[in-house]
């Protein structure tokens, strides 16, 4: 099974085709992914974004991976919606350290009418700084989507998380079709889409393939496809799940690159548990977007200077804003604070 390196994109992938890609010899898969990547991107440029949690904890959703859910006791401090001025100060700091995207994430099922005016002011203020804006606020209705677009929001993150078949085992408070509807509203409003999923929740290979099929078979591919590795947090139902095999994670990135050749594939939550060698393999597999800074919502993220040191060693440079208009920021799945252990490839956050 091989993937085309032409500019043609497909929206009719089958499960058998995608599983065949996953089952390729590792070197062959990476070669194909890197070849496709080079046909559409500079292989030595990686887009960087900063993420800020503007409202933390007490979410009414029951996502089993998430410490921000009000259904679980994870010890995460609940916080109200951040003041607009504070958000703008954080955005200015993000711009100063080199970010070109600023994403604001709120732990909501959906934004309320009373919060929307503040959210819209955040978008306008960040946009005025010359940063590209993105948000993840949960489910949106059509009016909210239009309001965000009119305020200048560039990108909206709404993950599918996993396959339709496995989804009900992870979340019961929001349906898969509701997620797809929000994505449709976002696209109709003229904004760009960031949507991906999580590995390590107990899903099968069919589920991993099924997630990518859902994304690749959308009428338009998401501009950004975040691939998250579960960060296991004590108190959540998935705290004792087995670690993801690092080669399986790299395979997921590579297949995402083959199915969605023009999308930015984001190395997302879980990067804290990856050593430099694994991150280098991720870039070889076609990942070309990361978070930059100290925190990823409620999960620790490698320090910014450490990221830049790795970039220098690999000959990678941050992607400048003007070099592309089709990147989206991903508000990676909310997880709890995890200490950095750079000497280990993975470690169980539940033991911290």
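Placed from the backbone N, Cα and C atoms, the Cβ positions cover glycine too.
The [2Fe-2S] cluster site recorded in Swiss-Prot comprises 103, 194, 266 together with one of 66, 134, namely 134. Of all the Cβ atoms in the protein chains shown, 32 others lie within 10 Å of the Cβ of residue 103 ([2Fe-2S] cluster binding site).
When the Cα atoms are compared, residue 63 ([4Fe-4S] cluster binding site) and residue 134 ([2Fe-2S] cluster binding site) turn out to be 22 Å apart. By neighbour count, meaning other C-beta atoms within 10 Å, the densest spot among the binding-site residues 59, 63, 66, 134, 194 is 194. Straight-line distance linking the Cα atoms of residue 134 ([2Fe-2S] cluster binding site) and residue 59 ([4Fe-4S] cluster binding site), rounded to a whole number, equals 20 Å.
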